[in-house]
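Asks: The structure's right below; bear with me while I get my questions together.
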């Protein structure tokens, strides 16, 4: 009888949240495998992000901070949590939503409607910039010209510059993005696979771009994607969940699937990869290119002209593949000749309708 009662008590205890020991658990945390209740999950999720912000000195009181908002789960949860923590812990931040309209019919137009609802839900001012206004091209137009291969190169380069331009228009001190632990682990692997060792020392940094116009911060650096999804689900947050129609064949997608396979075998694999990236010893001879400014648009660049200007000029000249990859002298004489002609023509052409 005593053994039966002991077994019953033990079974009952195992059905309670391992943190508060009062409520029934509703999930097993992917990061720690703890079985916890909804209320405790909210608390530990938000507290971990608060500790990351405090320990890394991400913000100073009085700063204007733009949140890169796409309408997806990461940026929506970031906007919600940062608003809550700013109020609860008196960070003293002025928060804004900044969205980029790449011009992808059936994807970005729908997700921007979500961002507009978030603007009202969280009471945060919203700024939207479009590729069409900035560059004269939408991603739909670019894909029609170049096809589905290499289109992510254009989008990534244009989007990064568009975010900086939007942040400059808002006159903010910092730009925060929803890059999570999965994203950063993927980037570590991609840099290794591409042999881009110089960027390994930078890709795991929680704050980047301190030598540029506006620093970027990643409060979700140690936050698992699965936990972000769970938080959004339990909080019933309004977010857009459809994947970009042009991204299924992106190289990053293969790294993402590999990371998820590793996570199934070892939940800490994501954090271990990030730690490895942080601890890599980079040879002193391996350095990032020195940063300057683009002679054409004034944007930060390690070359005479920034990547966005080169890609844009190729589009305008009807030669969209001109800025893709690296030209190797002696391999393709016609390609090298065209590249030189392209570089010579860039100075006389304006980058976009907004001065940076």
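Heads up, the Cβ atoms here are built off N, Cα and C, so glycines get one too.
According to TrEMBL:
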- 65-249: domain 'tRNA(Ile)-lysidine/2-thiocytidine synthase N-terminal' (DOMAIN)
- 68, 69, 70, 74, 100, 178, 183: ATP binding site (BINDING)
- 292-322: domain 'Cytoplasmic tRNA 2-thiolation protein 1 C-terminal' (DOMAIN)
Asks: How far apart, in angstrom, are the most distant Cα atoms among the ATP-binding residues 68, 69, 70, 74, 100, 178, 183?
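Replies: Value for the max Cα separation, rounded to a whole number: 19 Å.
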Asks: Count, for each of the binding-site residues 69, 100, the other C-beta atoms lying within 10 angstroms of its own C-beta, and report the residue with the smallest count.
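Replies: Checked 69, 100; of these binding-site residues, fewest Cβ neighbours within 10 Å: 100.
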Asks: Average pLDDT across the domain 'tRNA(Ile)-lysidine/2-thiocytidine synthase N-terminal' (65-249)?
Replies: 92
